[in-house]
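These notes are about the structure you will find just below.
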Amino acid sequence: MVSSTPEMLQGGLTREQIVPSRKRIKLPAWLEIAKPRLIPLLLATTLGGMALSEGWPLPSLRLACTLGGGALAAAAAGVLNCIWEQDLDGRMQRTSGRALPSGRLSPTAAFIGAISCTLAAAALLVSGVNCLAAGLSLLGLCSYVLLYTAILKPRTPQNIVIGGVAGAIPPLVGAAAASGHVGLSGWWLFALVMLWTPAHFWALALLLRDDYRAVGIPMLPVVKGPVVTVRAISRYGWATVLLSGFGVWALPEGGLLYGLLLIPFNARLLQMVHQLGAAPENVDRAKGLFRWSIFYMFGICLLLVVSRLPMAANFDLQAWSLLQQMASSGQFI
């Protein structure tokens, strides 16, 4: 018999306080399995990839097709993930109420929905964008379902390090949509998302390690414990901050404004990483870092878009001109 009393986790918080409750956020079964909460950030990094390209801004129709196709591909990946993990979800208290393990939706209906979304995404991207963007979107879908979900997640604590490639593909899609190819700037944002992902996900895994342990999923906090996990979070957090600075050169214009606006984002990220390092078992700090890491990546993508505005280019020209005047007059000496 399952107790109706909320389970208490580390720090005296209930699971419902750590992870949003499905009872509070009611979604239709067909929408729930598409994991809509994950899609906005994927689309934001797609926009970031576009903003890094010479083809920015995109025509309205191509922009809409790129984002629509990306959302459909992400939804299909989410559904296929739920189908693959329905037995696992049924054994975890946090996920047992999801549409498939609870019986609110049949696997057949879910699979039909996933295939429909995949075909619609491919059609929209091929017809409204280009074949490269379509191919990269499908590669991201397959990477998430096959590489991460089926192969890496149940086998290695480094699953999210390697499997993070799936979440890092949207910037490549954006770059391909904007210019028809993926340049070095697109690969820079791909690498940044790859480095950001482990720290982001391990902060959440610290909160849910009891669930993962119960079903035998070898997440890093389960295998190595919170202290080692927090050290790894610190390494990836610092790597993310260092690589993020290269956006100054990755942007075709507006890089100086990006660099200045980036400083508070990186300072806050490092502060939260340091705070968690001082108390690896602290639930509030892990939860705070997880939430901030989401805001951080949204912020990076917003900065990339803002830095492509005409006023950002003007700011760069005036700033560099001022710096050159100061250098020539010896004011730096």
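Keep in mind that glycine also has a Cβ here, set from the backbone N, Cα and C atoms.
What you are looking at is a predicted structure, and each value in this text was computed from that prediction instead of being measured.
Here Swiss-Prot flags 63-83, 109-129, 132-152, 160-180, 188-208, 245-265, 292-312 as transmembrane segment.
When Cβ-Cβ distances below 8 Å are used as the criterion, the transmembrane segment (292-312) is approached by residues 41, 44-45, 47-48, 51-52, 56-57, 189, 192-193, 196, 199-200, 203, 244, 247, 251-255, 257-258, 261-262, 265, 268-269, 272 of the same chain, each at least six residues removed from its ends. In terms of C-beta pairs under 8 Å, the stretch of 63-83, 132-152, 160-180, 245-265 lying closest in packing to the transmembrane segment (188-208) is 160-180. Under the criterion of 3 or more C-beta pairs below 8 Å, with sequence separation of 6 or more, the transmembrane segment (63-83) and the transmembrane segment (160-180) qualify as touching.
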